[in-house]
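Listed features, source TrEMBL:
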type     : residues : note
TRANSMEM : 12-30    : transmembrane segment
TRANSMEM : 37-55    : transmembrane segment
TRANSMEM : 61-77    : transmembrane segment
TRANSMEM : 105-123  : transmembrane segment
TRANSMEM : 130-151  : transmembrane segment
TRANSMEM : 201-217  : transmembrane segment
TRANSMEM : 229-250  : transmembrane segment
TRANSMEM : 256-273  : transmembrane segment
TRANSMEM : 285-304  : transmembrane segment
TRANSMEM : 310-329  : transmembrane segment
TRANSMEM : 334-356  : transmembrane segment
TRANSMEM : 599-619  : transmembrane segment
Amino acid sequence: MAKLPDLAVAAFVVKAFWQVMLAMGAFLLAREYGAKEWLAAAVAIALPFAGFTLYFDTATWIASLLATVWTAWFWWAARRVLNGRFNPFVGFVFGYLLITNGSPYGALSAVIVLIGLAFEALLYRQYRALWKLVLMGGLVGACALVAYLPLVLSSGVGWRDSQGIINNGVLSPDTLMLMATSTSSMLPNIVWSYQGTSVPSLYSAWFLLPILPWLSWSTFRLKAKQMGGLWLVFGIYLLLVLGPSQIWLFRWPVRLLEYLWLALFVIIAVVLSEGVRTSAWKLRASGSMLIAVVGTIIALLMRHDLLQRHLVALIVQVTLIGLMVVVMLKLERLLPAVMIGGTLLTLGLQITWVPFNADLTQWHAPSSSAIRADYRENVRGPVLQIAEMDLIPPDTLDEAGRWLLFGTTPAASGVESTASYTGLGFNEFMEALCLKYQGSTCPAALDTAFSPVADAGGVLLVDALGMNTVVVQNELVPEVSRFELPAGWRMTESNEWVTLFARESPMEWPDSRLSVTDGVSVTSSAPATYTSEALTVSTAGASGSLTFARLAWPGYTATVNGTEIPVITNSVGLVRLDLPAGLVDAELSLNYTVPGYRVAVPVLVVAVLGAVLQGIVVARGSRPRRVEASG
C-alpha cells in the first residue's frame, strides 16, 4: 500500500518542498550580498510565486524548477568559495546538482553565475581566489557531459535537432510587457499556440516596480563592486529574455525570467537594506501609484475583456502601495511584513482568477492509486494505445482512467505503453503511428498497427513491436467494433470507453525483445535486459535478419562471434540486424551504451576526484592561517 495513495497529493508535497528550497536559496543569496534578514525573507518568499515559476515550472516542468532552485544555492555557495568562507568542494557539490539535473537552462545559469562571480573577483583584484573559482567551475562544467552529451548525440533522430538562431516571437516578452510585471492581472500577449497566454506568466512581485522610487540610488554607486556580479548576471539575463526566440537548444525566452527575477530580487533586497529615501515623499508616492496605473493600462491593452479583474487588481495594489508608503514613513521596520502580506494576498487573487495553467497540456490523469491498479489489471503490457487525450471529458477521468492513461501515468501504474510521454520523440516511430508527445494518436494508427512492415520480414507492426494488447478508444475510432483482426489476435473487451485486442499466444521469445526472425534460426535466447540481448543464431545457406522491439537510438552496437556488424534503423524506427549466410550456432550480442558515456563517465570521475583534491588542498592551505588566527 502506497504511503500517499493519491499522486496529486504526492506531487503537491514534492513541489511545495522545492518551492521552499527555492525561497531558502534566494534568502541565503540575498544575505550573502548583504541584505538584512527580513528584507531577504520578503523577496525570497515572493520568488516562488512569480508567475512563470508558479504556473509553468511548479505546475509541470519540475526539472526547470529544480534548475532555478540549484541556481540560487550554487550562486550562494560559489560566492562563499570565492570569498574564502566555503571549501571549493561544497561549491562543486551544488554545481553538480545544478548542472546535472536535466534542464539545459541549469547548465546555462551555472555559466552565467560563474561569469558574474569572476567579474566580482576582477573588480576586487582577487586573482588567487579567481583561479580557485575557475578551477571549481571547470570541474563543475566537466560534469555537464554526462547529462547533456547524450542529448546532443541523440537529437538527430528526434524532434530536438533544430539549431541556430530563430526569432519568431514564440514566448518572447518585450519591454512593454515587462513594464507591467508588477501587475497581478496582466496576461501577456506572448504567442503560445497562436494565442496569448492565459496565466500571469510575466508577473514578478507586486512591490518590485512600485518600490523603485523609494530606493537609495546612491547605494548603487557605493556598492558598485559588491553588486557588480549581480548586475552582470541581471544584464545578461535581461538581454536573453528580450532576445531571439531560440538560440541553439535554448528556446522560449520567457523560461529565463525566473533567473532574471532571482538577480533583481536580490538587488532590491540589498538596496532596501540601506534604507528607503523619504524626502519628497509625495512625489515618490505619486511615482509608485503611476507605476501601478500604467501597469493596469498595459494589462487592459493585453486583455480588455478582463476589465473588472484589472480594476480589482489595481485597487488591491494601490491599497498595498498606500500601506507601504505609510510604513516607510512611520515604521520602516515593518516594511518586510507588508511585502510578505501583499505577496500572499496577491497570490490568493491570482489562484482565484487563474486556478490552473490552461496553456499547458491538460493530462486528464486520475491520481488515485486504486484506479491505476484497475488499469494494471485491465490491460497487459506492452500496450499499443490508439486514443486521443482531448476526447476524454474532465468529469469522467476516474472511469476512463481504468482503461486509458497517457503521459507518465502508465509507467506509474507499472504498464509499458506507447502512450508514455516523450520530450524528444523518435521520428520514424512517431510518424508511423502519428504519435504525439503526450501519447495521443490518430485514427489511422489502427490500420497501421495491423499492417505489415516490409523491412521487418513482412510481419504486422504490432508483432514487430512485441505488443500484447492494443487499446482503441471508441470515440476516436467509432468503427472499431467492425475491425477485422488478423489471425493470432482476438477482441477481449468492449465497453463505453475502449475496445481491447489481445494476442492469443505469447511471443516466441518472451524473455527477449526479439520480435522478428527473417531467414534466421534462433537456437537460444538469454533473458534480455534494458540494454542487452544475447542470442545463439544460425542462417544456414542464406543471409537473414533479426528485428528487435527496441527503438534504434544512437548507442547500439552488435557483434556476431565477436565481430561487429551494423545496427540498422528500419522504416518504423526499430533495431534491425542483417546477418550473413553460413552462420551455425553463432553467438550474437546486442548492447546499448548511452551515447557519449564512454567519454562523459571517465570525465565525470576525473572531475569528482579533482574536486576532492582541490578541497583537500584548500583545506590544508587554510589550516595554518586558522591556527595562527586562533593563537
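Just so you know, glycine gets a Cβ as well, placed from its N, Cα and C.
Where the transmembrane segment (334-356) meets the stretches 61-77, 105-123, 201-217, 256-273, the count of C-beta pairs under 8 angstroms peaks at 201-217. Within the same chain, the transmembrane segment (12-30) stays apart from the transmembrane segment (599-619): fewer than three Cβ pairs sit under 8 Å, each pair at least 6 residues apart.
Note on the transmembrane segment (310-329): residues 182-185, 206-207, 210-211, 214, 276, 278, 281, 284-285, 288-289, 292-293, 295-296, 299-300, 303, 335, 338-339, 342, 345-346, 349 of its chain, located 6 or more positions outside it, place their CB under 8 angstroms from a CB of the stretch. Taking Cβ pairs closer than 8 Å, the transmembrane segment (599-619) reaches residues 87-90, 92, 132, 135-136, 139-140, 142-143, 145-146, 149-150 in its own chain, all 6 or more past its ends. Where the transmembrane segment (37-55) meets the stretches 130-151, 256-273, 285-304, the count of C-beta pairs under 8 angstroms peaks at 256-273. In summary, the transmembrane segment (229-250) does not lie against the transmembrane segment (285-304): fewer than three C-beta pairs, each 6 or more positions apart in sequence, are under 8 Å. The transmembrane segment (61-77) makes no contact with the transmembrane segment (285-304): fewer than 3 of their CB pairs lie within 8 A, with pairs spaced 6 or more apart in sequence.
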